[in-house]
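Undergrad: The following feature annotations were taken from TrEMBL:
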TRANSMEM  B:7-33  transmembrane segment
DOMAIN    B:67-277  domain 'ABC transmembrane type-1'
TRANSMEM  B:71-92  transmembrane segment
TRANSMEM  B:104-124  transmembrane segment
TRANSMEM  B:202-223  transmembrane segment
TRANSMEM  B:261-283  transmembrane segment
Amino acid sequence: MKSDASRQGREIRIEGIEKCWGETTALSGVDITVPAGSFTALLGPSGCGKSTLLRIVAGLEAPSSGRVRIGGEDMTQRPADKRNLSMVFQSYALFPHLSVADNITFGLRTRRVAKAARQARLERVAALLGLGPYLERKPSELSGGQQQRVALGRAVISERPVCLMDEPLSNLDAKLRHAMRTELRALQRSLGFTMLYVTHDQVEAITMADQVVLINEGRVEQAAPPHALYETPATSFAARFIGTPPMNILPATALGEIGARAEAEAGCALHFGIRPEALRPDPMGMLKMHVTGGEYHGADALVMGRIGGTEALVRVPGKTLPSGGAPMSLAVAPQDIHLFNAATGQRLDRPISAAQALASNDMAQATTVPDLNQI
Amino acid sequence: MKRREWVWGWALILPALTFIFLFTHFPAVMTVINSFWSTPRGRRPARFVGLENYERLINDPTFWKVLTNNLWYALGTIPLSIGLALLMAVFVNRPFRGRALARMSFFTPTVLPLIAVANIWLFFYTPGFGLIDQILGVFGVGATNLLGQGGTALPAIMAVAIWKEAGFFMIFYLAALQAIPPQLSEAARIEGAGRWTIFRRITFPLLMPTTLFVSINAVINAFRLVDHIFILTGGGPDNASSLLLFYIYETSFRYWDTSFGATLTVVLLGLLCLLAIGQFFLFDRKVHYK
Ligand SMILES: Nc1ncnc2c1ncn2[C@@H]1O[C@H](COP(=O)(O)OP(=O)(O)OP(=O)(O)O)[C@@H](O)[C@H]1O
Ligand SMILES: [Mg+2]
């Protein structure tokens, strides 16, 4: 289906978008560049403005200020039907009175594509999505997963350079969602369109996207490839949002003398971020944790406890679950220590040598390779 | 045990059944029976006359006159009032300033009592100083007597009916429009559909169940109208504005010819049944039920 040059995706540039409804501000100063042909996920907690941003790109909502460019053209004033993009809604928005075939070819009909061409394209899309046997059915006679494919079919048959999706998988069960993730990603790769994909599920964003844009309270926290988001979170919000269980954020005061020296060197109050999977029990370790409990997960276990009065989690192999009440020494590799400005939440980019003292010398060589499947 | 449940079931629906039989089925059956008997008058009791009343009906020019009137009335009012109702509903479904006021004013004719409505229009139509004549007078047109002339009496009544029915039907369309998820038209817009295409291919088909409901109601209302005629024209002049039910009323309760009234009623009931069934079949293939 990658037939001609027009099939190639187009770049989306979102420049200084603000959106207010009376008193409430849904988005403020959002700048995002979605490279042509890439898969970009908009990720964030509920109510952070993801859907609003997507609807602004689609032209279903007008921004209070800022512009939207698609393929270099300013689309801010252009109505939705002239933006040359397709969209999959969270609720699928299938037309209940039309058959699957008519639903998929709806856009081709409104654009007066000849019947023979319409039929040929319908057959290709139906084969691609495995919808062949259902073409004559009404949407209400399909399962949720099948309905979702129809919505996808309607979006891809028009072969637009940009496709927007708003939590398309959220209505599916875990197994189907997993299968659809792989399929969607493969579909996007083979058709080559630019994908802007809204989700509040970090697993979806991290496994599918080339670029993840993390949004919080209407602002972009970080826009980065998935591994960068995990390895170098730009803010303490990003650090805690990505990864399950979330990263431990320890105030410098919880770390005693090392913390105080690091703060003196940095010149500001600090938060130390260490992922539970980066901590490992080691009798020589510099971090002392007071164990309060444990959770056995099979392959591994989570140990809950306090480091200097702050709650912390450690991921350990399943067999080594320590008993509660015991003290535990933990070691961490220097590259696994993240420092954030406590006041702004921003990551500290320059290295603070005092903080490195947390990592014992023998750990300096060991590297924690994040296993993305475990996030 | 099985048997007892059966008895209980009947016992529970008995009160409702009694009332249905007493007030709906019994009168209907009696009407059919009466139509085969003569009207009892004074010392003469009713006697069985077979199809005599029906023969009289077929030869009654007034019957044919009011039936034709009724058909014209139905043809004139139903499509127009439904079309207008749909138009108004689509109009007030969109957000704009004063939307509540517009909705209310469209619906007002429906909540006004029938008699009040007829009186308002009686004033509009009054020859010489009614509203219509005052407006026409500005353009130098002389006094008109819309209700008093054979050619215009029925259309004048039809105008009142459309004005009243459209607001009522609008409420059904408005409710149906609000039940359509806005994402459907958004999805259609993204697929490149303009306003008219969205209406033609999405909104209107989804309103089909409402259209069926409304049109059956409209047909029944068209054959049920008496009150306006009472006040506006009294059926005249020369039965020009008389409709079937008004004729039934006059025959039964003015001339006290109850058995001929019963005969007319049977014909009216038959007609309504046929129309309702016909509409179901006509629409059935086009209606999408959720
Ligand atoms: N039409 C509206 N009028 C007023 N406020 C709105 C409107 N639509 C959205 N909002 C507000 O804007 C904010 C962002 O909403 P949005 O729907 O974009 O969230 P979201 O990130 O998509 O959340 P979710 O993951 O739950 O779908 C919310 O606080 C919401 O209350
Ligand atoms: Mg949303």
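Using N, Cα and C of the backbone, Cβ positions are placed for all residues, glycine too.
Each of the listed features needs to be described in terms of its position in the shown structure.
TA: Cβ atoms under 8 Å from those of the transmembrane segment (B:71-92) belong to residues 99, 102-103, 106, 154-155, 157-158, 161-162, 165-170, 172-174, 177, 199, 203, 207, 211, 214-215, 218-219, 222-223, 225, 243 of the same chain, restricted to positions at least 6 beyond its ends.
Sequence-distant contacts of the transmembrane segment (B:104-124) (same chain, six or more residues past either end, CB-CB distance under 8 Å): 88, 92, 130-132, 147, 156, 159-160, 163-164, 166-168, 170-171, 227-228, 230-232.
Sequence-distant neighbours of the transmembrane segment (B:202-223) (same chain, 6+ residues past either end, Cβ-Cβ under 8 Å): 70, 73-74, 77-78, 81-82, 85-86, 90, 161, 165, 169, 172-173, 175-177, 180, 184-185, 188, 193, 243-245, 268, 271-272, 275-276, 279-280, 283, 286-289.
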